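Sequence annotations record features per position, and here Swiss-Prot assigns region 'Carbohydrate-binding module-67 (CBM67)' to 133-297 based on a curator's inference. If you look up Swiss-Prot, you'll see 179, 180, 228, 233 marked as Ca(2+) binding site, on the strength of a large-scale study or a structure entry. If you look up Swiss-Prot, you'll see 179, 180, 203 marked as alpha-L-rhamnose 2 binding site, on the strength of a large-scale study or a structure entry. Feature annotation from Swiss-Prot assigns alpha-L-rhamnose 1 binding site to 630, 634, 635, 636, 643, 695, 916. Positions annotated as active site, proton donor by Swiss-Prot: 636. Annotated active site, proton acceptor per Swiss-Prot: 895, in sequence order, evidence recorded as a curator's inference.
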């Protein structure tokens, strides 16, 4: 009997995955053993249609395969069938020929595996529910002072109009916008207001407000206060659309409104206020004219779709819901929410592909009447995306749903989305990823997700087949979910009635609100990362992202509200309109991210470094949300390639990032231009560029980082054709293999600009070098890439490296890139490294690097014999340094080294995120050199364990969950001695580096001395726990 035991088998990185489309899913089986030095010599996999059938498998038996492969082993049996659960088990043989017990049965289940298996139709809510009122016919108006379309004072003006309305109103919708902000009331009741945005361009995004509950037959008074934030064009515009039995009636903003430039007395919003002395408003410009152009409101409600059906009185053996959306959806079946996913189906380029989800709903279906329902919201498909506004992919969110029910007698049936579904509006009045969600609990539709609900007044859906993407594929990455909750720690009241709740941690997600009050009471929740000096929330850095959730109470005891279709980056929540004073239990943070296990535990004797690790982890947690975003708070939240280029190696330490980044690499390849350029962001959106050094190269560096971390050869195989096209693009757009001096450069460096041609050519060489390594790992011809690298290297040295080792630009990043990418002649490496250290010393031992130089800075110093300088930089506490933001109270990584400046002021708000993981790329160095854990071979088949004591660090401990099993280290330096305990999992080996000038000084267990190198005694060990003492 073998001493090996299989633990936690997984398929495509997941234990028991539901809904795989992979034709040859990869199987992994970590192992455990009480005996040291255990390795696998062979394995046998069995696959069957039932757990009981594994002893005589009816699908596949690999037989005994002589191999030590135990991670990502492809299924090699007969073709898999769609919608089928496959059970599997594995046993292994050790090096002595002993066989293990069979692992406990596990399973994976296939999804639909192709377009032919879909019979559902795309459906959308009808036009009345998805189209916003047009402002055409309205005018931009202002107080009559000069020419407001050209220039008006920075001031507030007030406007009123009384209108006579009929008694048969069935709908009332107000569309309104102002340059810059407004508050609007109907008969004294405020129905909407806006706050000043950092870009002062909120007028580009007119609001759409349902005011049916506020209007009535007879005279109604509309009142607007509008403010011009600075000297310049001023105006506001609106249309009130009334639906009556006899048709539509529209009330426009025009010269019939009254206006004043003197702040009116209390009650000016009320119907009986005397405005006879107010002059008529002035038309500044007709809609479509003036400086504002053809601004258009956008309908952003989350509509409700439903369908009832009957099932026979037969025993159900299995039921699955396959669903997706153009937009976002949340499915319900017979009154129960389906699954726990948030923001499904996530973000892709919907023109090319959308991911579908698979849910086990066996326990939810029932004989007789059933109801399948869903909320459908705009999301990334039709809502605001980044700074580019709405409708980046389409205007009408749509749903695709297919419920498949199988019975014990072998029969089955499908219930699909189609023309027989019904649609209506609901309590989610608006839902936008950037602006936030507006929820009116008075509009809740009791029972609409359950059978027996009367939907005869609902509207018929319409088809959406013209908008369908090219491919519908099973979800590759984990779903977005609520991972944890954070209670509020403190409540302050910086202004009367304005409460600020501190969650203690900059996070991403939304909040749960608990509140009691009268029906119609409206509570506003605004989100921010930091506070102003006066204790109010600081929102200028959010730019146009309103980040505001609004809840209107229904007045039925304690009410709970959790937004469904938005997310925010925040630590602080401003609460206004709350009945009474909120307590710390009134608001709870709901932390949201793409689900994946966290894989790295790390602690040292230096509190600042422990906090740095926490900030790195929280930064990744918040920005790994469907795509790797640059920031989760402001109006951007895009999949910037440059950020993940530098952060991917760290990401693969701290979280299981294989599935998430594999999915994103598909997004990146979907965005690749026809001539081979990778885009600045993926999914590609807006008018951003492509072909940029250090950004587009993510198409090369990210697959390589994943391969190093997981040994996933399929990532390389999928990437190499696009990498080849990228290199052809770069070569085509070079002059003598030197790239042009354009792009973003060493973004946000500290007054130390590196020439952009140096950066671009260095990255060109680096991508060619990695392409050669990829080809070698895949058994393909690497010679063309090696030759390309050699030629670029020579051109680089000729153009940029002087005979004394100085590099053009003479900046820290110039030397960092040149040294780390092997572009300096060997004879000049020491001179270049010494020059780098001199530049650091000249800045009083501070760094000056930006996004591209920072991740390579400490590794280069270590590789060139300057680990002491690396530690000196790591421990710095003054600007610019990693310690500076921590001393300023950061709980995530900042976009800038000085997002909060030494005097307490904020950096420029246009580019000042407090949750931006790029500078967290230092984690890779910390985990490899302080924890001492790094891959010696791809996927940690061999582990390099090399803690490097230095600086203030005298002890550290870490555990890394590799695909083979946990790798751990714990070390301490004391009284001139050194103690290391480490463990590595079965079927791996480790090379352990002990700081000792002679192996005889090292006491150890199970280790074999192999060489002395670089002041260390190097030992080889097998699996198990080991102790080394100097």
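Here the Cβ of each residue, glycine as well, is placed from N, Cα and C on the backbone.
For residue 233 (Ca(2+) binding site), the same-chain residues that are 6 or more apart in sequence and have a Cβ closer than 8 Å to its Cβ are 148, 149, 150, 151, 152, 179, 284, 290, 291, 292. Candidates 630, 634, 636, 916 (binding-site residues) were compared with residue 895 (active site, proton acceptor); those inside 10 Å Cα-Cα are 630, 916. Of all the Cβ atoms in the protein chains shown, 23 others lie within 10 Å of the Cβ of the residue listed as 'active site, proton acceptor'. Summarising model confidence by region, the region 'Carbohydrate-binding module-67 (CBM67)' (133-297) averages a pLDDT of 93.
Taking the centre of the Cβ atoms of 179, 180, 228, 233 as the Ca(2+) site, the nearby residues of that chain (Cβ within 8 Å, site residues left out) are 152, 178, 200, 203, 229, 230, 232, 234, 235. When Cβ atoms from all protein chains are considered, those within 10 Å of residue 180 (Ca(2+) binding site) total 24, not counting its own. When the alpha carbons of residue 203 (alpha-L-rhamnose 2 binding site) and residue 916 (alpha-L-rhamnose 1 binding site) are compared, the span between them is 28 angstrom. DSSP assigns residue 203 (alpha-L-rhamnose 2 binding site) to a helix in the three-state reduction. Ranked by Cβ neighbours within 10 A across all protein chains shown, the binding-site residues 179, 635, 636, 643 are led by 179. Of all the binding-site residues listed here (630, 635, 636, 643, 916), 635 has the Cα closest to the Cα of residue 180 (Ca(2+) binding site). Under DSSP, residue 634 (alpha-L-rhamnose 1 binding site) is assigned to coil, being neither helix nor strand in the three-state scheme. Distance between Cα atoms for residue 695 (alpha-L-rhamnose 1 binding site) and residue 228 (Ca(2+) binding site): 39 Å, as a whole number.
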